[in-house]
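Trainee: Got a structure for you, written out below as structure tokens; questions coming shortly.
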Amino acid sequence: MTWRDVCEYGSSRERAADRMDEPNDVLTVGVAVIGAGLVGGELLDQIDAQAKALRGVYGVAVCVHAIASSTRMRLSSADAPEQRGIELSVWRTEWEAGGGSVALDLDVLVAHLKQNSPHVIVCDCTASELVSQHYCGWLSQGVHVVTPNKKANSSTTQQYKALRTAQRQGPRSTHFLYEANVGAGLPILSTIRDFQRTGDTFLEIAGVFSGTLSFIFNSFDGSRPFSEIVAAAKLSGYTEPDPRDDLSGMDVARKVVILAREIGLEVELDQVPVKSLVPQALGGPDVSTATFMDRLPEFDSELAVMASEAAQRKERLRYVGWINVNSKTCGVELKAFPESHPFGALEGSDNIVLFRTRRYDAQPLTIRGPGAGAAVTAAGVFADVLRVVSYLGAPARAIASE
């Protein structure tokens, strides 16, 4: 069962599900969603929207027994049916009203989850390093973890290996899935695993891994000041509240570390050379976001020259991350590409990745699409939840015909 299977069941399947009696062979999984913001909230809505199809067509009940923020949590009622959990059709209204919420305690949350279902999944939809520090403990208890949070997989190699050890040594086969770490819902990490399982070997990976920087450099050709493009991107919600979080390149560096480790390289985050787009004079903690935005035009000239020279060569500037397997090196840099190159032809805020492998050498495999946004990121998380469900042995059921 894939995410495409679930999403594209179509109207005839929906009507078939409506006619089916409640199946006896439903596989129930209990879920906790930590981080009830944009991504977590969208995930809850997607689970709610697919509940009937999952239960009636696929024999799966995804029951949310806990919703949490950084400070509070709401747990399902003790007298709620096992295959029900929190009523998701009204979760947002009740959450905003604060009804039933208590102070956040992750130990209590996981204990409640395990009490209500034999199969449990924690979905960490935060960017919190503190939450990610609980993964090892959860995995060792047999709690599956699904997350778009990049902190754990881009931390120290020691911590990275500890996670895999905890996963292997858990009381039963425990899964740690994180497709949305790179490219939101794009099948990047799953493609890497498929290549590895089938015996292919990687030679090089390169890509535009930041939707924010993709948008900025797809809009920047030197005809307008770089600072003006950044201001427009911030106003449109493409950047973080402080654009330096995007322009520093560290988010791209984390993704490069994750990809490098997936293909067997040992890389530490502080070993990755990164071309920051934040002027050194404006990067200190004493410089406010407002001051940064006010003074950024002072530093437009260097990038203007680069963009102008690239345009004369029919090239475009792109902010890329790359990994070379043979030399065991990787980096993050601003580089010009011909307009005919897949990177040079990129548009909007899309991400793109090129895989060059032993099988895909002369013509690298290309994956391109939206790499940011709550809906596609939540879809990537949801797809991982359903992968766990399939690994647990979700019942196969033929679709009733009309």
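In case you wondered, yes, glycine gets a Cβ from its N, Cα and C as well.
TrEMBL does not curate its annotations; it predicts them automatically.
In case it's useful when we look at the structure, here is the feature table from TrEMBL:
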- G35, A36, G37, L38, V39, G40: NADP(+) binding site (BINDING)
- 35-173: domain 'Aspartate/homoserine dehydrogenase NAD-binding' (DOMAIN)
- T126, K150: NADPH binding site (BINDING)
- 187-386: domain 'Homoserine dehydrogenase catalytic' (DOMAIN)
- E240: L-homoserine binding site (BINDING)
- K255: active site, proton donor (ACT_SITE)
Trainee: Write out, in the order they occur in the sequence, the residues of the chain not among G35, A36, G37, L38, V39, G40 that have a C-beta within 8 Å of the mean position of the C-beta atoms of the recorded NADP(+) site.
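Mentor: Other same-chain residues near the NADP(+) site: V33, G41, E42, L43, C125, T126, A374.
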Trainee: How far is it from T126 (NADPH binding site) to G35 (NADP(+) binding site), counting Cα to Cα, in Å?
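Mentor: T126 (NADPH binding site) and G35 (NADP(+) binding site) have their Cα atoms 5 Å apart.
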Trainee: Radius 10 Å, atoms counted are CB only; among the binding-site residues A36, L38, V39, which position scores highest?
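Mentor: Comparing the binding-site residues A36, L38, V39, the most crowded Cβ belongs to V39.
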Trainee: Cα distance, L38 (NADP(+) binding site) to K255 (active site, proton donor), nearest Å?
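Mentor: That comes out at 21 Å between the alpha carbons.
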Trainee: Tell me which residues of the chain lie with their Cβ under 8 angstroms from that of G37 (NADP(+) binding site), as long as they are six or more apart in sequence?
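Mentor: Those within reach of G37 (NADP(+) binding site), by Cβ under 8 Å and sequence separation of 6 or more, are S69, C125.
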Trainee: How big is the Cα-to-Cα gap, in Å, between L38 (NADP(+) binding site) and E240 (L-homoserine binding site)?
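Mentor: The Cα atom of L38 (NADP(+) binding site) is 13 Å away from the Cα atom of E240 (L-homoserine binding site).
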Trainee: Which residue, out of the recorded positions K150, K255, shows the minimum number of other Cβ atoms inside 10 Å of its Cβ in this structure?
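Mentor: Least crowded of the recorded positions K150, K255, by Cβ count within 10 Å, is K150.
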Trainee: What's the CA-CA gap between G40 (NADP(+) binding site) and E240 (L-homoserine binding site) in angstrom, rounded?
Mentor: 18
